[in-house]
Amino acid sequence: MTIQSLIVTIGSGGLVGFALGLLGGGGSILATPLLLYVVGVTNPHIAIGTSAVAVSANAYANLIAHAWKGHVWWRSAVIFALVGTLGAFLGSSIGMLIDGQRLLLLFGLLMAMVGLLMLRGRATAPHAEQHQTVLRMCMKTSAVAILTGAASGFFGIGGGFLIVPALIFATRMPTINAIGSSLLAVGTFGLITTLNYARHDLVDWTIAMEFIVGGITGGGLGTLLATRFSASKHLLNRVFGLIVIAVAIYVIWRSWASLVA
């Protein structure tokens, strides 16, 4: 490990953390491309497994801040996280069976979808009472939890862009509570994915720790600037959406070129 590679890895983690802190979501989807094409990880599966470590750590760190502010609806969050772990385990198990370049091609298509969603802006939901019929809430939450957990595990991503609207759909909770509550699931799905990949030696722990250090530093800076640029939040989301789409095109091109070579 050279000083240059250390700086590149921490810097890449810092970019992801900065985007997460500034925009509140979506940034973690850049982790795998950065690990592959900037840090220099050659195995797509190791890149996915390693990014899952960073995603999980950053999510749990942000969960503490949201919980302190009272943004977490714990009943819905716990149900979603626990049930979704089954989906995350199945999704990550299937993902490891797929050829790395084919998985990257699908990942690039997913990135393009996320970029388009960021261009549209985050959906909102009307205010709802927290206390619903327990059976109804559990059934709706469990169903979407398994699906989003599977997608999160399959691609090794946080999946906040999937989990937030899923929680809103299942519980009708306000968006700020969905964001805070989603972090428990994001962290847990990332942890399950990490453990599953680690069983097959598909996690580079050294790079993961360096990436996390950068993510925490960048996240702190992004959070500080978030308030200052709050009036431009929608514009920032759209600009970042364009960046995600551009990276998606590159990922699709690289993976497709490898498949047809």
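Each Cβ is built from the backbone N, Cα and C atoms, and glycine gets one as well.
If you look up Swiss-Prot, you'll see 6-26 (among others) marked as transmembrane segment, on the strength of sequence analysis.
Long-range neighbours of the transmembrane segment (29-49) within the same chain, counting only residues 6 or more positions beyond its ends whose Cβ lies under 8 Å from a Cβ of the stretch, are 5, 8-9, 12-13, 15-16, 19, 55, 95-96, 100-101, 103-104, 107, 110-111, 114, 155-158, 161, 193-194, 197-198, 202-204, 207, 211, 244, 247, 250-251, 254. Among the features that Swiss-Prot reports, transmembrane segment is placed at 29-49 (among others), with the record citing sequence analysis.
Per Swiss-Prot, transmembrane segment is recorded for 78-98 (among others). Outside the transmembrane segment (78-98), and at least 6 residues removed from its termini, the chain residues within Cβ reach (under 8 Å) are 45, 48, 52, 106, 137-138, 141-142, 144-156, 163, 166-167, 170, 181-182, 184-185, 187-189, 192-193, 196-197, 200, 202.
The transmembrane segment annotation in Swiss-Prot covers 99-119 (among others).
Annotation comment: Swiss-Prot describes 150-170 (among others) as transmembrane segment, evidence class sequence analysis.
Taken from Swiss-Prot, the feature transmembrane segment applies to 175-195 (among others). Through the fold, the transmembrane segment (175-195) approaches residues 24-25, 48-49, 52-53, 55-57, 59-60, 62-63, 66-67, 69, 71-74, 76-78, 80-82, 84-85, 87-89, 91-92, 122-125, 145, 148-149, 152-153, 156, 158-160, 163-165, 167-168, 203 of its own chain, all at least 6 residues removed from its boundaries and within a Cβ separation under 8 Å.
For 205-225 (among others), the entry in Swiss-Prot reads transmembrane segment, with the evidence type sequence analysis. Note on the transmembrane segment (205-225): residues 1, 6, 9-23, 31, 35, 39, 41, 50-51, 53-54, 57-58, 61-62 of its chain, located 6 or more positions outside it, place their CB under 8 angstroms from a CB of the stretch.
Proximity of distant same-chain residues to the transmembrane segment (239-259), defined by a Cβ-Cβ separation under 8 Å and at least 6 residues beyond the stretch ends, is recorded for 19, 23, 26-27, 29-30, 33, 37, 101-102, 104-105, 107-109, 111-112, 114-119. Residues or ranges marked as transmembrane segment by Swiss-Prot: 239-259 (among others).
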